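I have placed the structure first, in the form of structure tokens, so that the comments after it can refer back to it.
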Amino acid sequence: MAEEPTILTPDGVENPDHDDLQFPARMEDILPEMLMVIPLYERPMFPKMMGPIIIEDMRLQKFILSQKDKKVPLFFALLLTRQDPDGQVKAPESADDFYDVGVVAKVIQISPLTIGEPLQFIVEIKARFDVVKLIKKEPLFQVEVKYWQEEKIKVTDELKAYSTAIIDSIKELVHLNPIFREGLSLLIERINLHEPGSLADFSAAMTTSSGPEIQKVLATRSVRKRIELALVLIKKELEISKLKVKISSRIEEQLSKQQREFFLKQQLQEIKKELGLTKDDTQTEMEKYENRIKDLHLPEEAQERIDEELEKIRLLGPSSPEFNVSRTYLDWLTMMPWGVYTKDNYSVKKARKILDDDHHGLDDVKDRIIELISVGSIKGELTGTILLLTGPPGVGKTSVGQSIARSLGRKFFRFSLGGMRDEAEIKGHRRTYIGAMPGKVIQAIKSCKSANPLIMLDEIDKIGASFRGDPASALLEVLDPEQNSDFLDHYLDVRFDLSKVLFICTANLLDTIPPALLDRMERIELPGYILAEKIAIARKHLIPRQMKHHGLRPSQIIISNPVLTAIVEGYAREAGVRGLETCIRKILRKTITSHLAGGLEKVRIRKRDLRGLLGRRLFAEEQVYSTPRVGVITGLAYTNMGGTTLYIESLAVPTGDSGFKQTGQLGKVMIESSEIAYSYIRFLLGDDSAAVKFFNKNFIHLHVPAGATPKDGPSAGITMACSLYSMATGKTIVPGVAMTGELTLTGLVMPIGGVKEKMIAARRAHVKQVILPKENEEDFDMLPDYIKEDLSAKFVETFEDVLKICFK
């Protein structure tokens, strides 16, 4: 019985010779009452048993080897250690860590000691004992013992019955589990089967029961009770063995059934092959690919590549790793829509109706698509076009792509370029890599099953570069009409014609798009919507869609135009309508929840309900100052969210010295514009002695409110100059005037961008008169009448023209 106890003994002498130690067999065995303790951590041992003990502790090794020359038997106490509440065993620290009953062991033979290896010796168990006193001599244990006096018992019929039951169970156990055969041989050899106590000990030791269960047998004095406990352990072991046999039989039966089915299937397959009723995998694959390419108009290069791969498959077996690689490559080659085109719609009237039904406004986009269809109707085909839709979020750039595809009668595929940093996403991976795939463009063509789909490249301004390459550079070939007729994907390695594909890209900003890529696209700006457009979109599209989404009839919840106006002005002032749709969705949810018990027959949303449904207003009412103030001028700005009003404030701090500073998170260009305005106004008022004295004696502070918002650009030049002029002269601006324009150092007013967005912001702020650069007059004239309505525009060439309009 192998044990690996941790032995605690006094320090011994140095290791003597490592010869085998054999104690005299005839020396009288005198059992000492004080013994060194060898802890057992797994199972106890029983009298009349022999087994190995392994000692790893160097001090105990020295102690044992030092006793071989004393010519006296060497005895130890073997005590089982208790387990902690988690069922774990640990090195004993006190007497409480041991059980109270153990056995005394006599050392029979010591194996030679190899340096660095544990010491192993054979022991014979002599007798049981009770622990009288356990003494810890740091860090070892000694025990004072009282040996059991084995009582002579009369073998009754009951004990005979127990003995017979144990022997029969052991025989059955050996039959079920041959591993117990050695234990049975030992039992027959060493034990008198007519001694119930010894039979109980050996049978308990044969089992795989836990240490505490076997210790219970060891510590039981009553032979009848002990043999009863041993029988329980044997029976438990027998049941476990039966369960193991049952499980093994079931598994073997399943395996045999699977093997039999496999062999039968293999035989059936071979028979079918001999009769010509089936084909091998290679032949089946070959026929599949040949049927696919039968109706395709393959270019010569693609046909040659397919023939090469088919020949490779003929030579490779299905078990070859290259077989699956070639099969995947052939799948892509043969499933591409070579020469397959969808029929285009040349009906201008039908296309216009689809575009108008799906989107309100967006006239520039609609006109460009109508022009494309008109040219196609004359030419007989629609050539590939690359459009770039730019504008703030939520104005319909992405959704308009599907409408354009429907109006043209083409398949539609969209994928986002946002965050893409790997060139292989566009041009594919080379086939040498594991898991290689074609790029997104080829995947889109295959998915659409058409060589002339509409592919939308969303968020093209958010592409990034990395060590894997620059996707924007890979797009140069895709989006160049002069090159994309021979587009080469790294995976396909065969040229594919993209010249018939209509590419539509979307972006919020143009600054992050490389100039070479931007030059290949035709730009169409989608400005923000004005109030009337937002209400029309909500009435025609957003409300019906959300009503359907929430399972409502149109008459159940009514949102009037004044309520929509209040929502737009107070909660959804962004350029697009995404925020407006979010507000409508929130109103419907809260209304359904609050009226669930009473029913939703006809609920009318009122302005006063908005605070409870949407919370407090996110935007204050935007309008110019009703009473003009010195140094405060209203400007117009263009942001990612559309147009907005921009107030410029100037303040003079009397310090006795001149100076100038700007605040409001201004960018470099805007800071330069303010310095130009400051220098020009000082020059302009150079002949005014009062103004000269004012600038010499005051520190000027120019501020642009909403200080947490970064601002940049040159278009606030004349606005800042007017603010400084107003402060220096003490004059106030004419009420209801807003302006935008770049100012040069010589007083010229230069053109600006975002005219439409700025005019929308002016109308929203109830501005009556706007001042624009003369060169933007044509931009203003091209605006729709509903934007120019109630706006009086004045066009200026110099700053002096501005002063004539603003200051009377």
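Just so it is clear, glycine is given a Cβ too, placed from its N, Cα and C backbone atoms.
Annotated active site per Swiss-Prot: Ser715, Lys758, in sequence order, evidence recorded as sequence analysis. Annotation source Swiss-Prot lists ATP binding site at Gly391, Pro392, Pro393, Gly394, Val395, Gly396, Lys397, Thr398. What Swiss-Prot lists as domain 'Lon N-terminal' is 35-238. What Swiss-Prot records for 627-808 is domain 'Lon proteolytic'.
The structure, with features from Swiss-Prot marked on it.
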residue : record           : contacts (Cβ under 8 Å, 6+ apart)
Gly391  : ATP binding site : Lys397, Asn508, Glu525, Leu526, Pro527, Gly528, Ala575, Gly576
Gly394  : ATP binding site : Glu574, Ala575, Gly576, Val577, Arg578, Gly579
Val395  : ATP binding site : Leu526, Pro527, Gly528, Tyr529, Ala575, Gly576, Val577
Gly396  : ATP binding site : His359, Leu362, Leu526, Gly576, Val577
Thr398  : ATP binding site : Arg414, Met456, Asp458, Thr506
Ser715  : active site      : Gly635, Leu636, Ala637, Tyr638, Thr740, Gly741, Glu742, Ile752, Gly753, Gly754
Lys758  : active site      : Leu636, Ala637, Tyr638, Gly643, Thr740, Val770
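One way to see the shell of the ATP site is to take the Cβ centroid of Gly391, Pro392, Pro393, Gly394, Val395, Gly396, Lys397, Thr398; the remaining same-chain residues with a Cβ within 8 Å of it are Thr506, Asn508, Leu526, Ala575, Gly576, Arg578. Within 10 Å of the C-beta of Pro393 (ATP binding site) there are 16 other C-beta atoms, taking all protein chains into account. Under the three-state DSSP scheme, Lys397 (ATP binding site) falls in the helix class.
For the recorded site, Gly391 (ATP binding site), the DSSP three-state label reads coil. When other Cβ atoms within 10 Å of the Cβ of Pro392 (ATP binding site) are tallied across all protein chains shown, the result is 23. Neighbours of Lys397 (ATP binding site), defined as other CB atoms within 10 A of its CB across all chains, total 26. When secondary structure is read from DSSP and collapsed to three states, Lys758 (active site) falls in the helix class. In the predicted model, the domain 'Lon proteolytic' (627-808) has a mean pLDDT of 90. For the recorded site, Ser715 (active site), the DSSP three-state label reads coil.
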